[in-house]
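Now, the feature entries from TrEMBL:
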type	residues	note
DOMAIN	10-434	domain 'Major facilitator superfamily (MFS) profile'
TRANSMEM	46-65	transmembrane segment
TRANSMEM	77-94	transmembrane segment
TRANSMEM	100-121	transmembrane segment
TRANSMEM	133-155	transmembrane segment
TRANSMEM	161-181	transmembrane segment
TRANSMEM	193-213	transmembrane segment
TRANSMEM	219-239	transmembrane segment
TRANSMEM	259-283	transmembrane segment
TRANSMEM	295-315	transmembrane segment
TRANSMEM	322-342	transmembrane segment
TRANSMEM	348-371	transmembrane segment
TRANSMEM	383-406	transmembrane segment
């Protein structure tokens, strides 16, 4: 992908957003021990704090993606960026658990940035969409690593406020430049937004996440909430089938590339989010400060910086299936290494280099490329959001299960083994869930 002069400013804006949003999503993880001390959080509250942003992303992602598909990505991105800035500032100055939760809720609107960016990228780089998606997905992974890397030093050298304020300043700067850099939509479809469908989907996802959070505290309440979530989900399906302009075309979900990629995204999200949650807790047990935790994870960031943007090229040349198998296998291998050897911090760092530095970015690019290649241009955002919802649900489940294991006194080894098993599930199902053998062409 070689951007023309006219597309370079737009790609720069999308790239900056991908890196910054990835950083904001991962910043709380290495600083969780610090946040727990300063705000008086127990492990269950820390787990909820880690997943609030993810839950919000899952709830709002299909709505903002549908708006972007119908009315263009530029205006949608502008609204999202200022919501992110507000959430980051609120998180920075929060002095209580409810306030920082509200800040993370607003930041969670940023989860829609990636699928909306894909809408813009497909418009800009029609002949090389897989490469553009690979670059943006890779940069999002790089941003996640950078968030882990800089959170500790910023908190120790300055204050925890700067963990959130510095990315907020970057997002604000991008929001100021974006109106002149991003292209307007080629066509605008003035369809009515399916608010009944959006409300039912939001209620279903929110209830599901609440059930996961309450499961360690009481099985009965969790089961009741799961039943309620299922009822909301069934109602959503019924509404979407009758809607003239549904929020999510259920025909998209039946496309092989969409539902197979969604399964993979869910497994990948559960695995790497659990790992992200467990690693800082484990390193903190060695007496590591927030800065030292970030330092141990620096090699992961260095590798991700190189591998992330190249993953799109790998997908284009080797095909989505080869890239997917490679990425998932590397993710599992690194996690299993940490499960077996975590007596010293360098062992944990080595495992994370393979898992997050090599595996996650490659598998994510293959997953999103599969989705985008499976749908029409006007469904790009919603299809990518469907995959993003699966990833968010998996991530929320992964963090909550990991937190529940720690609360119950289970070993870290069990958590890492479960994370590896989950990410291997799509490989086990390869005979039934078959990705394209050929390289994606856009």
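Cβ coordinates come from backbone N, Cα and C, glycine included.
Fair warning: this is a prediction, and the values are worked out from it, not measured in the lab.
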Of 161-181, 193-213, 219-239, 322-342, whichever stretch has the most CB pairs under 8 A to the transmembrane segment (46-65): 193-213
Cβ-Cβ under 8 Å with the transmembrane segment (348-371): same-chain residues at least 6 beyond its ends: 118, 129-130, 133-134, 137-138, 140-142, 144-145, 257-258, 260-262, 264-265, 268, 272, 275-276, 279, 282-283, 296-297, 299-304, 307-308, 311-312, 314-315, 320-321, 323-324, 326-335, 337-338, 341-342, 383-384, 386-387, 435-436, 440
Residue numbers, six or more beyond the limits of the transmembrane segment (383-406), whose CB comes under 8 Å of its CB atoms: 43-44, 46-48, 50-51, 54-55, 57-58, 61-62, 64-66, 111-112, 114-115, 118, 205, 208-209, 212-213, 215-216, 248, 252-253, 258, 261-263, 265-274, 276-278, 281, 367-368, 371-372, 374-375, 414-415, 418-419, 422
The transmembrane segment (322-342) touching the transmembrane segment (161-181) per 3+ Cβ pairs under 8 Å rule: no
